[in-house]
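Student: This is the structure I want to talk about, given as structure tokens.
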């Protein structure tokens, strides 16, 4: 019995254990298609998801990710109301027709109008009385106005409008012809039913590959705890395109039971994790989830494998889960352990449909981590969601709690500042395209199906990195600090 535990032991592989074998190919990197699914019904043009960590993804990151063609998941280590508001901000950031329009009444004092525009970061407000459009007021209208004035004193009353079924080309023509920036949409009774802005149209044209829903809004995911059905309902109502049920060990009887209940209440896609085995994949699939999140302990800030002695090397975990899920058509997201763009190529070749990133995005301008200067270099705070800091600020249901204390499964630290997230994504996608070109994969499915691995030795790994030279500068897609000790 005990001896068999070692005589029948299996072998696990991770990113530094293997390389992909180059193939004869006619595929050029610039021509490959990197679009993929991150859940049953969510397709993105860039197969990268920002992790729902409180030092990685809030609304600014989610907006930047979606604009690039990737997607972000808002973290849940905050009050429900704040997460809901972040989801709403992402959904409002870009849209052809704004349905949930901020409005104001004619009697509103000018000071209140100014405050509302500033807090909502908007330049104008439709003026509504008895649910009917009676005017519009902009920041420009509020300049040099005497105190004590009301909106009715300065608003534009002769408002140019369009019917609610106007098409986008006609709306652009109306905006251009009348030299206006906002076009209210009204029904036959004069009720305000929507708003089209020139800013949103220009932004849409600027980001043609953005991840958008059927209404033209940016797509976003929201993380919820496995037992927080109320939060799941609220973020779905706010517009979340999919939900990530966020727990360290999803193959747990209580979690599985809760997932089945959540499935009955939630209509958007549900991505569940984290898991690391084929059996776990089968268990989650039986709960009718729409995506699988793979990775127990591979992250740079995770100590689960050391503290608990549990985990599966990430490439083996990915391949085992992907094998179990392949007939179901449910996508697999590889979460954790990725340090270079080449690791993304390996993860997909092992069976993943997309990857989830934490540390590689934590140092970007859009991440919410605190900035700091260490030895003259700029860094941003980054911590695991199993760190004491994260656990004590609210995320106690993701990891173990024994008695009155927490069992930490993560650490807190800092990562080098890396600039804007679009610059990082450009390098990562470029590496993915290059890798696909080497192995002759024109699509993500080709890479999953045809990628072949060779196992390498420690000497092979050393040979793979720059050697026999003193580096005097780091290229944007290679950091010396990422090399394993």
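Yeah, the Cβs are placed from backbone N, Cα and C, and that goes for glycine too.
Here Swiss-Prot flags 302 as active site, thioimidate intermediate, drawing on sequence analysis. Residues or ranges marked as NAD(+) binding site in Swiss-Prot: 246, 295, 296, 297. Annotated K(+) binding site per Swiss-Prot: 297, 299, 302, 463, 464, 465, in sequence order. The IMP binding site feature in Swiss-Prot is assigned to 300, 335, 336, 337, 358, 359, 382, 383, 384, 385, 386, 409; the stated evidence is sequence analysis. Swiss-Prot lists 97-154 with the feature domain 'CBS 1', giving sequence analysis as the kind of evidence. Taken from Swiss-Prot, the feature domain 'CBS 2' covers 155-211.
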Student: List the binding-site residues among 336, 464, 465 whose C-alpha is within 10 Å of the C-alpha of residue 297 (NAD(+) binding site), in sequence order, or say none.
Tutor: 336
Student: I need the most crowded of these binding-site residues: 246, 463. Count other C-beta atoms within 10 angstroms of each C-beta and give me the top one.
Tutor: 246
Student: Nearest to residue 464 (K(+) binding site) in three-dimensional space, by Cα, is which of the recorded positions 295, 302, 336, 384?
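Tutor: The answer is 336.
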Student: With DSSP as the yardstick, break the domain 'CBS 2' (155-211) down into helix, strand and coil residue counts.
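Tutor: With helix first, then strand, then coil, the domain 'CBS 2' (155-211) has 20 helix, 15 strand, 22 coil.
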Student: Compute the centroid of the Cβ atoms of 246, 295, 296, 297, then list the same-chain residues not in that set whose Cβ lies within 8 Å of it, in sequence order, for the NAD(+) site.
Tutor: 248, 249, 273, 274, 275, 276, 293, 294, 298, 299, 302, 304, 311, 335, 336
Student: Give the distance between the Cα atoms of residue 295 (NAD(+) binding site) and residue 336 (IMP binding site), rounded to the nearest whole Å.
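Tutor: Distance between the two Cα atoms comes out at 6 Å.
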Student: So for residue 296 (NAD(+) binding site), how many other CB atoms are inside 10 Å of its CB?
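Tutor: Around the Cβ of residue 296 (NAD(+) binding site), 27 other Cβ atoms lie within 10 Å.
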Student: Looking at the binding-site residues 300, 382, 384, which has the shortest Cα distance to residue 465 (K(+) binding site)?
Tutor: 300
Student: Name the residues of the same chain, 6+ apart in sequence, whose Cβ is under 8 Å from the Cβ of residue 299 (K(+) binding site)?
Tutor: 335, 336, 337, 358, 359, 384, 410
